[in-house]
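Quick look at what TrEMBL annotates:
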- 1-29: region 'Disordered' (REGION)
- 166-468: domain 'SAM-dependent MTase RsmB/NOP-type' (DOMAIN)
- 255, 256, 257, 258, 259, 260, 261, 279, 340: S-adenosyl-L-methionine binding site (BINDING)
- 402: active site, nucleophile (ACT_SITE)
């Protein structure tokens, strides 16, 4: 018998096969994760670009990405930021390649995200229809990119990136702040839980604010997800504390979304009283609703106004009156108002990543456009603040912005000072120990509070109006009450004297025998009525 041929087939190694299988599963999971991250990034990018085009952002990039609706937060955030960074190049390449047909024009944001991955990012393996469409045209896209480099006279695509000295770069040394939501958790318990993983301490200025090392990522932490803590900057956390409404008050938060300050107010009031949260933008309302739900606050009444065909005056009127009609709440019951209106956001541009937005590139080309926008914003801000001060029962009003511009800050306050004085308001000093104050452009500006974009790593402005103690009015009121009591006492004494005279007359008539039973009854009833008064 011939020799049996050797089996050239390799024997299976269970250990190796198991490892390869595990690697394949990991790769498959990573591919799926990347696939869905591109879809989530496209939704965020659409919201960002639409808000930027209208100059009415729904929220910052970070707020949109780190909201509860986004699952793969890190990958989504990286994709959105990188796509925005390369967006001018992607648009030029897309136009030069002429590959975008009618169907995919309706999904431009997803096309931008996938193009970034194809040209500059990671290799795409798990592909949907959009990926397959662009991968088939990868050669055209790369050729258009090469032509763009030639036309711009640069050696490589990296040199195409816009270099601008005015671009903001977020400071990596900024601490991570976390505000404890005392509606759900006490500060010591939060310290204990976070202290197991991180170095954490209490802030020395803002109550219930914790400070963690720079770069600490808490977005997926259980305390954040269940609303036990909120990731809120120090300056932002100072605003509600400056207003300091008392438990049981009714408070108006006139421009609420995304809602961090709103739920902070609820916590400061221990969940007692009522907070009327107003928001005009329907897209921002969704963020506000999510924030309120996560906080567990039950004292917040959410009100919205459709923007269609509304002038500023009409909007302000409805915010301040019609919003709270249909219930027993009226403008006469509002004791405190937090007004944090739309502003340029110049103090938090680095934190918000505004330097990545298309409008920022256009604005850098024209300082005049910036100045005009600030003036337009200031006109609205002044009207809103004047209206807030006009509420009949309001005792405390806080005006705040995240702007560094004098036009939106000190100038707005100066414009309403005559009205404030006529309504018996005066500027008070929030956080007296804070070193940075308002610009010295009018008498009393030392009461204003500023945070510095460099020193404090964010630029905020806070002004606190407090209605003066009505000492003279109260004295007059006490005198009036005393006078009324004296008048009442005199009236009673006079009636008692008249009653005594009537009683004497009655007795005399009774003794004389001239009274009849009916007259006796009538005179007695009259006497009893007089004395009882």
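Cβ coordinates are placed from backbone N, Cα and C, and glycine is handled just like the others.
On the structure: features taken from TrEMBL.
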{"residue": "255", "record": "S-adenosyl-L-methionine binding site", "Cβ neighbours (10 Å)": "21"}
{"residue": "257", "record": "S-adenosyl-L-methionine binding site", "Cβ neighbours (10 Å)": "27"}
{"residue": "259", "record": "S-adenosyl-L-methionine binding site", "Cβ neighbours (10 Å)": "27"}
{"residue": "261", "record": "S-adenosyl-L-methionine binding site", "Cβ neighbours (10 Å)": "25"}
{"residue": "340", "record": "S-adenosyl-L-methionine binding site", "Cβ neighbours (10 Å)": "22"}
{"residue": "402", "record": "active site, nucleophile", "Cβ neighbours (10 Å)": "25"}
Binding-site residues near residue 402 (active site, nucleophile) (Cα-Cα within 10 Å), from 255, 257, 259, 261, 340: 340
For the S-adenosyl-L-methionine site built from 255, 256, 257, 258, 259, 260, 261, 279, 340, further residues of that chain with CB within 8 A of the site's CB center: 253, 262, 277, 284, 288, 291
Taking residues 255, 256, 257, 258, 259, 260, 261, 279, 340, which bind S-adenosyl-L-methionine in the record, the widest Cα spacing (Å, whole number): 13
Whole-number mean of pLDDT values that fall within the domain 'SAM-dependent MTase RsmB/NOP-type' (166-468): 86
